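Chemist: What follows is a single structure, and I will ask about it in a moment.
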Amino acid sequence: MDINIGKKAAGERAVDFLQPGMTVGLGTGSTAYYAIKRIGGMVRDGLVIRAVATSEESARLAELEQIPLVPFDQVEVIDIDIDGADEVNDQLQLIKGGGGALLREKIIAASSKEMIVVVDENKLVKTLGKFPLPVEIIPFAWELTFRHLVALGANPVTRMLGNERFVTDNGNYILDCSFGQITDAVELNTQLKEIPGIVENGLFLNYASAVIVGYKDGTIKEITRPYPATKSF
Ligand SMILES: O=C(CO)[C@H](O)[C@H](O)COP(=O)(O)O
């Protein structure tokens, strides 16, 4: 893999927030990769943590790195979730799902006390929406769900992997949806939630506690949320 200095700087910095004994959410993608690699090194040097993974890919990497993965029935709360994003605006609203892991990522973020988002500078935007919004849909009657999204102005495109439809870790499909500039992400999220067949969408509106931005010269900037993310605990 080519080294992306900004992604590496951000991913590795997030790991400084870990404490012994924590349960850690391992994100998915090329920035979370650097966090997982560094956690692996620290675990092999004696750091005691346990982890949950947001994708099969990250679970495989964690196993290679000898990071202990814990079954979900043994998890009460996740202390810190470290994950990437495809877009971040100045309210710390995110688009995620470029890697197709948005459902598991959102489930884990929703049960984490802190979600630290790691990105390079290219992910910062004024308004969400340049990156097509990934929407995970169930295969049953997917054509009908597709039509609902067309009616919503989503211009959906079925994600492909070569000649095959991309299938998520959950056995679902992804539609990449171009709404243009998303000026009211809360309203869009509500509209998407009303369409049966959509399992989840890539808008993460009230999840990030902090965003660590890595720059190509290796420096970082940390942006913290001015008000706490709404969590049920
Ligand atoms: O949401 C994701 C996967 O579903 C990723 O976190 C997102 O696509 C960012 O990936 P990368 O760090 O490779 O740019």
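Using the three backbone atoms N, Cα and C, a Cβ is placed for every residue, glycine included.
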Chemist: Of Lys37, Lys113, Lys123, which does TrEMBL put in the substrate site with Thr28, Gly29, Ser30, Thr31, Asp83, Gly84, Ala85, Asp86, Lys96, Gly97, Gly98, Gly99?
Modeler: Lys123
Chemist: Quick one: give me the count of other CB atoms within 10 A of the CB of Glu105 (active site, proton acceptor).
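Modeler: Taking every protein chain into account, the count is 31.
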Chemist: Using CB under 6 Å from any atom of ligand 1, narrow the binding-site residues Thr28, Ser30, Gly98, Lys123 to the ones that qualify.
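Modeler: List returned for ligand 1: Thr28, Ser30, Gly98.
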Chemist: Quick one, of the binding-site residues Thr28, Ser30, which Cβ has the fewest other Cβ within 10 Å?
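Modeler: Looking at the binding-site residues Thr28, Ser30, the Cβ with the fewest others within 10 Å is that of Ser30.
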Chemist: I want to check the contact list for Lys96 (substrate binding site): same chain, sequence separation of six or more, C-beta distance under 8 angstroms. What comes out?
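Modeler: Within the chain, Lys96 (substrate binding site) has Cβ neighbours under 8 Å at Asp83, Gly84, Ala85, Asp86, Leu102, Glu105, Lys106, Pro134, Gly202, Phe204.
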Chemist: Fewest other Cβ atoms within 10 Å: which of the binding-site residues Asp83, Ala85 wins that one? Let me know.
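Modeler: With the binding-site residues Asp83, Ala85, fewest surrounding Cβ atoms within 10 Å: Ala85.
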Chemist: Beyond the listed site residues Thr28, Gly29, Ser30, Thr31, Asp83, Gly84, Ala85, Asp86, Lys96, Gly97, Gly98, Gly99, Lys123, identify every same-chain residue whose Cβ lies within 8 Å of the center of their Cβ atoms for the substrate site.
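Modeler: For the substrate site, the extra neighbours are Gly27, Ala32, Ala101, Val119.
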